């Protein structure tokens with residue numbers, strides 16, 4: 001750059017800033033220097049002029065970002081409706097990277113102005129992300145904040161049709177907006193497909209983060225997952241017994257038919273009608289359970305059988321007979337046969353209830369509180385009947401022994417004390433003789449519901465433990481924590497058996513697979529991971545949620561998994577492929593609990609929006625029809641029924657072995673006034 005160009009830039013800068021006298025003096029000096037052609041003709045300090053030039057260019061950086069994004073936004077919103085929804089997907093990654101680039105260059109005030117001006121465009125889909133980015137106030141925050149750092153280290157995958165992609169390229173070349181072009185080139189990876197644009201959908205796979213996380217997920221999801229049921233399980237034994245029972249019943253009915261034929265000649269018409277009525281009633285009584293068992297057997301027989309990777313505990317004969325009795329009396333549910341629901345409502349909790357749990361038979365209900373206490377209600381002692389049951393937190397009653405948990409006075413529950421921080425999760429063993437609780441004090445405690453005493457304190461996590469879950473066979477349990485790990489434990493050891501590390505943020509929920517060979521974890525990093533219990537390795541990464549995952553549930557056959565997030569979205573996943581089968585759209589707030597019915601035909605979801613929803617799983621997991629694919633509509637899960645509470649957010653759900661649905665929550669004044 002020669003002296004004349006530098007002089008022109010300096011003049012332009014002085015004029016822009018309104019320094020008229022300085023500009024005039026500068027011009028006079030330039031004319032004076034031109035007339036005096038001496039060796040010292042250029043009395044301008046070149047270094048100073050270059051600094052002024054660079055400062056002028058820096059001053060224009062925020063304006064270029066603002067102008068470039070505003071033009072791109074206007075162009076996208078004014079595009080043809082057929083392509084608009086695809087082009088609008090580009091705006092969010094461009095928006096956040098414009099903001100972070102401005103912060104990185106030190107334009108903090110301009111970055112905040114830019115952020116506040118356009119944030120409303122993205123709040124509906126990305127509110128949680130925007131709330132995190134609000135905390136970025138200096139260039140150092142971009143490195144210290146893990147979320148912002150991961151965004152700057154990764155690319156965004158956007159699925160877009162060929163014509164929309166060509167329209168975008170034509171616009172960028174025409175407008176010559178180098179700043180926006182640079183961001184799109186560096187931060188966005190377009191996955192272009194031929195044909196018509198995709199439909200307007202909430203399918204989260206249309207916009208995903210790439211980089212190390214996505215590449216790792218693609219590699220991990222190629223691993224084989226044995227999603228079948230355990231060999232020689234109680235359900236399998238019952239199926240075999242049901243098959244033998246149906247054969248013997250068939251022979252018995254044939255014998256009775258012969259006896260009826262012989263007696264036809266010796267009976268009157270009325271007698272024949274009476275015998276016929278009795279026979280029909282008996283057939284219905286004996287045949288209904290048989291049909292139920294055979295239907296369940298057909299459904300379960302489709303699932304492969306796998307060997308357990310853990311040493312399974314021995315079940316006593318008494319417990320086994322009790323479980324088999326429940327399975328024999330199980331009600332077969334479907335889209336036309338919905339379950340009965342029993343709802344437990346906590347009152348007078350004063351916003352202190354953090355979690356609740358229900359035993360497998362619904363006889364016990366536990367609540368974890370902010371005052372570090374765990375309280376267990378025995379429904380038999382309350383004399384409750386099916387329906388809406390009220391559980392009162394009687395804080396004014398006399399205190400109990402913190403070690404044994406024995407109660408005195410008129411308290412209607414058993415108080416367990418031992419934690420030194422809020423209790424965030426509780427879970428009953430399959431039989432109901434033990435209950436586990438996890439706390440902000442970083443520990444997990446095992447309590448006996450028979451002895452009303454604390455048995456073991458498990459220490460291993462370094463930060464608050466958000467969730468703990470017993471395995472389907474008992475003895476083993478899994479926990480997850482703010483320390484970004486999940487851990488496998490056994491009741492007889494105080495140290496964890498396995499530590500699962502890999503999530504990028506808090507691990508908020510954990511769930512066992514039906515065959516106990518895997519556990520699933522949901523995290524604030526918006527992913528769900530599936531872990532092999534024996535090796536401790538991650539075998540699946542499920543990417544698609546747009547907010548933290550709060551609840552998980554496994555289908556009884558072990559093939560599917562449901563996950564619920566903070567925005568109210570539920571996603572159904574196929575464990576064998578690692579892909580989302582269908583999204584479940586309906587809740588308007590956090591999904592705190594999910595539960596499959598025992599035969600797997602229904603999914604129940606409980607939310608902070610004070611509703612329980614029932615979904616038809618059978619129709620959702622079928623392959624989509626050809627005409628649906630052509631029209632581009634998603635094969636969404638069908639909502640069968642919505643069960644609203646008056647003003648009680650739903651904390652937990654549980655299907656009993658007989659397919660009765662239990663739910664629990666705390667009465668909330670804020671929910672009733674909202």
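Cβ from N, Cα, C; glycine included.
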Q. Given 200-244, 245-289, 290-334, which one carries TrEMBL's region 'Disordered' label?
A. 245-289
Q.
Given a Cβ distance threshold of under 8 angstroms, which distant residues of the chain, six or more beyond its ends, lie next to the repeat 'WD' (416-448)?
A. 319, 354-361, 363-364, 366-376, 400, 402-403, 405, 454-459, 461-470, 472-474, 477, 479, 481, 489, 491
Q | Segment confidence, the repeat 'WD' (542-583), expressed as mean pLDDT | A | 91
Q) Short question: which residues 6 or more past the ends of the repeat 'WD' (458-499) have a Cβ under 8 Å from it? A) 310, 312-313, 315, 421, 424-431, 434, 436-446, 505-512, 514, 516, 519, 521, 523, 531, 533, 536
